[in-house]
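Chemist: Grabbed the feature section from Swiss-Prot, which reads as follows:
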type	residues	note
TRANSMEM	9-29	transmembrane segment
TRANSMEM	36-56	transmembrane segment
TRANSMEM	80-100	transmembrane segment
TRANSMEM	108-128	transmembrane segment
TRANSMEM	135-155	transmembrane segment
TRANSMEM	163-183	transmembrane segment
TRANSMEM	209-229	transmembrane segment
TRANSMEM	230-250	transmembrane segment
TRANSMEM	265-285	transmembrane segment
């Protein structure tokens, strides 16, 4: 048991990806007026809650992880940290994260963190991941919470922009997750996880991927059409979304589904990262605010 093991079970890669989306939502809402304390609380608080969820997930998935090539050497599977200690660790992380969001940001940000946690740990990890082909869809809601947390940490309200972020990031999760399930098909099959590609076939999954990416593309454009983001954001969102859609379309003629799915997965990360960055840089300041600060 070492510090490295405690870091590993929080899944740092997942935390980093979520932190980027928190920042995107935060800066979109801030519109150039950043409260540093609230920003740090949103980033650190969300990171702690996500880390907590990941540790709980590691605890719950020990039996599944043992059957999968990719996960059979994880810390808890190998017994490098005891289950009891991991559960205490996860609880401390979660409580600290929610408390930080509640005290420094606002109760609404803390509420969305709790909702995301409950969906991920309670509904997805404990039950739906193992029992339902729709587990990915329900789990996608938890993955969409970080940008919403970042946004409401500033606004303290759930408006159209927050709803758009929730829809955007939920829709993004679906093709992203299905792509993983395709190139890790044998792992999911061995662990009897009923993801769509395993349960209903890769060809059916390809159709769903195409539909979800199309819906995601439309949702991303709504930030500009609703007056929350600028034209530079729109250009990047349209370009990334259309190319991702094209990549999905090429899946119907793919010679090797594993290679195709891996490329689709990698581009999904580039896409959501680019949008998070553009939301941070190309927010749209309302006309009334511009008039307020006019000389």
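Cβ coordinates are placed from backbone N, Cα and C, and glycine is handled just like the others.
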Chemist: Six or more residues beyond either end and a Cβ under 8 Å away: which residues meet both conditions relative to the transmembrane segment (80-100)?
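Modeler: Answer is 1, 5-6, 9-10, 41, 44-53, 55-56, 58-59, 62, 110, 113-114, 117.
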Chemist: Could you tell me what the rest of the chain brings near the transmembrane segment (230-250), counting residues at least six beyond its ends with Cβ under 8 Å?
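Modeler: Answer is 175, 206, 209-210, 213-214, 216-217, 220-221, 223-224, 260, 263-264, 267-268, 270-271, 274-275, 278-279, 281-284.
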Chemist: So which of 108-128, 163-183, 265-285 is most in touch with the transmembrane segment (209-229), counting Cβ pairs under 8 Å?
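Modeler: It is 163-183 that shares the most Cβ pairs under 8 Å with the transmembrane segment (209-229).
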Chemist: Quickly jot the same-chain residues contacting the transmembrane segment (163-183) by Cβ under 8 Å, restricted to those at least six beyond its ends, or write none.
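Modeler: Cβ under 8 Å, 6 or more out: 21, 25, 28, 136-137, 139-141, 143-148, 151, 195-198, 202, 205, 208-209, 212-213, 215-216, 219-220, 222-223, 226, 228, 244, 248, 257-262, 264-265, 268-269, 271-272, 275.
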